[in-house]
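Right, I'll just put the structure down here and ask away after.
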Amino acid sequence: GAAVLRCLGSLLCLWALRLPAGPGAATRGLDVASYRERVRAMFYHAYEHYLESAFPYDELRPLTCDGQDTWGSFSLTLIDALDTLLILGNVSEFQRVVSVLQEGLDFDTDVNASVFETNIRVVGGLLSAHLLSRKAGVQVEAGWPCSGPLLRMAEEAARKLLPAFQTPTGMPYGTVNLLHGVNPGETPVTCTAGIGTFIVEFATLSHLTGDPVFEDVARKALKALWKNRSDIGLVGNHIDVITAKWVAQDAGIGAGVDSYFEYLVKGAILLQDKELMSMFLEYNKAIKNYTKFDDWYLWVQMYKGTVSMPVFQSLEAYWPGLQSLIGDVDNAMRTFLNYYTVWKQFGGLPEFYNIPQGYTVDKREGYPLRPELIESAMYLYRATRDPTLLELGRDAVESIEKISKVDCGFATIKDLRDHRLDNRMESFFLAETIKYLYLLFDPDNFIHNDGSNFDVVVTPYGECVLDAGGYIFNTEAHPIDPAALHCCRKRKEEQWEVEDLMREFYSLKKTKKFTLRRPSDPGEGESAEDPEDAKKAGEKRRENFKKSSHSLLSCPSQSFNSKLAVLGQVFLDNT
């Protein structure tokens with residue numbers, strides 16, 4: 001527990017945990033640069049065909065070379081691919097897409113949208129692009145990152161989701177109409193992940209805009225799930241958000257639950273929040289006690305702990321990456337290697353895999369080009385430099401190109417047994433799968449910054465350090481710069497400094513017989529406050545404030561050498 005909380009104190013925990021590797025040890029027999037360029041070519045094959053054949057629809061249909069709306073008519077693939085463009089180094093196309101979105105994105109539409117999907121793809125994608133826009137050469141407005149067109153769009157989209165949270169429990173409905181709010185007769189049954197996957201985006205929004213409502217509703221939903229866990233410490237799959245009764249009582253780490261656990265960890269790191277981390281660690285104990293068998297994770301009944309489904313789902317493959325974020329690298333590698341054996345068996349991960357039988361489950365044989373195993377490989381490679389992880393990346397490139405590539409893009413694999421294809425290319429292929437593959441093969445990407453490089457920007461609240469690394473990926477692989485959350489908060493101490501400066505300014509104006517006045521200025525016949533007295537009063541207030549709060553420049557002591565970006569400052573720990 002102590003080691004985990006020490007990690008929590010650093011935004012760059014992962015890099016502090018990595019193991020030393022000899023020169024060239026990780027790249028034996030594998031041309032990393034060549035695979036990186038192949039991944040780049042895969043991106044453009046998919047992206048250009050989306051633009052030519054599918055835009056402005058949400059997704060490309062690669063077998064018929066046309067488009068379809070899937071999640072609400074947002075030109076979703078364009079939003080999802082935006083930060084990937086910058087990670088690949090394409091600043092000109094990033095700038096062009098930002099202009100296109102500013103002109104064409106409209107959330108005032110009579111569309112029923114998934115609250116979960118709109119948050120992770122649209123709100124997350126816009127927030128990430130907003131925070132990366134200066135790096136991409138976009139001319140940002142005065143006040144950035146506390147203001148900007150992409151931030152306003154993200155806020156507008158998130159506000160459209162807020163009516164879903166107006167329930168007796170604080171747990172949101174799964175669907176909302178963007179124009180009318182929650183439809184009468186909307187089902188109150190929502191999956192666990194659809195309730196607990198908001199804190200990363202919504203807390204970021206609150207910190208940037210100054211409106212606490214987003215973080216407040218996200219926290220309330222997280223705590224409602226925590227409150228309704230079973231006596232043995234597990235949560236189920238679906239719950240009634242009105243009554244808080246569990247409808248589906250299967251407990252596991254996969255579909256329907258997955259990103260709830262992910263956001264407890266990532267929210268804890270992003271917000272330096274020990275309560276969120278302690279919640280996850282309690283869940284982690286119960287998960288190990290009841291669902292873990294031989295480094296596999298099964299599904300169990302949430303109240304009794306008895307096995308209900310001895311299956312591995314492809315969505316569970318994020319788990320080793322999450323384990324690496326809390327420093328549990330050995331267990332993460334063992335589970336990863338189990339999952340990798342399934343990949344090697346089929347050339348992809350089937351949606352469901354029966355562990356005792358060692359084969360696919362009926363009607364769950366497909367692979368829609370999901371990113372989760374590649375995501376875990378990227379995290380674990382940063383932590384260990386184990387060449388096996390690059391081999392998974394190589395296998396993924398070879399499989400996807402061989403099985404899935406068609407003239408108009410990359411198609412979902414309908415059945416891994418005979419390689420039949422489906423006429424769909426999900427937006428997460430460009431947002432996540434390609435991004436994590438590229439980052440696995442690009443160790444020098446700015447996303448992997450260890451804190452040695454950073455930018456200083458001036459905000460309305462003072463200087464702020466950005467782009468120092470420690471990016472937190474949302475569950476759609478949109479990176480959030482944690483330092484940005486400290487750029488836009490006007491603390492009381494800072495507010496008093498501004499007020500005192502203004503008091504001195506107006507007092508000086510009065511002594512020089514200027515007529516400029518403000519409501520709190522002394523009236524006719526009254527004496528102006530002495531500037532020296534104003535200064536002393538301000539110093540006294542600031543001193544009292546300091547005694548009752550942590551220093552702005554406080555930093556948790558670290559037991560390892562690391563550079564970290566905390567509260568908008570860069571620290572070097574030489575202990």
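Think of each number as a place in line: the chain as shown, counted from 1.
From the backbone N, Cα and C atoms, a Cβ is placed for every residue, glycine too.
Sharing the record's features from TrEMBL:
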ACT_SITE  GLU117  active site, proton donor
ACT_SITE  ASP258  active site
ACT_SITE  GLU351  active site, proton donor
ACT_SITE  GLU372  active site
BINDING   THR475  Ca(2+) binding site
COMPBIAS  523-532  compositional bias 'Acidic residues'
COMPBIAS  533-546  compositional bias 'Basic and acidic residues'
REGION    516-556  region 'Disordered'
SIGNAL    1-26  signal peptide
May I ask which residues of the same chain, at least 6 positions away in sequence, place their Cβ under 8 angstroms from the Cβ of ASP258 (active site)?
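The answer is ALA193, LEU315, GLU316, TYR318, THR475.
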List the residues of the same chain that sit at least 6 positions away from GLU372 (active site) in sequence and have their Cβ under 8 Å from its Cβ, in sequence order, or write 'none'.
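Looking at Cβ-Cβ distances below 8 Å from GLU372 (active site), excluding near sequence neighbours, one finds SER314, LEU315, GLU316, ALA317, TYR318, GLY321, LEU349.
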What's the CA to CA span in angstrom from GLU117 (active site, proton donor) over to GLU351 (active site, proton donor)?
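That separation, Cα to Cα, works out to 19 Å.
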Ten-angstrom check, please: count other Cβ atoms within 10 Å of the Cβ of THR475 (Ca(2+) binding site), all chains counted.
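Counting Cβ neighbours of THR475 (Ca(2+) binding site) within 10 Å gives 25.
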Measuring CB to CB from GLU351 (active site, proton donor), give everything in the same chain under 8 Å that is also at least six residues away in sequence.
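Correct list: GLN313, SER314, LEU315, VAL361, ARG364, GLU365, GLY366, TYR367, PRO368.
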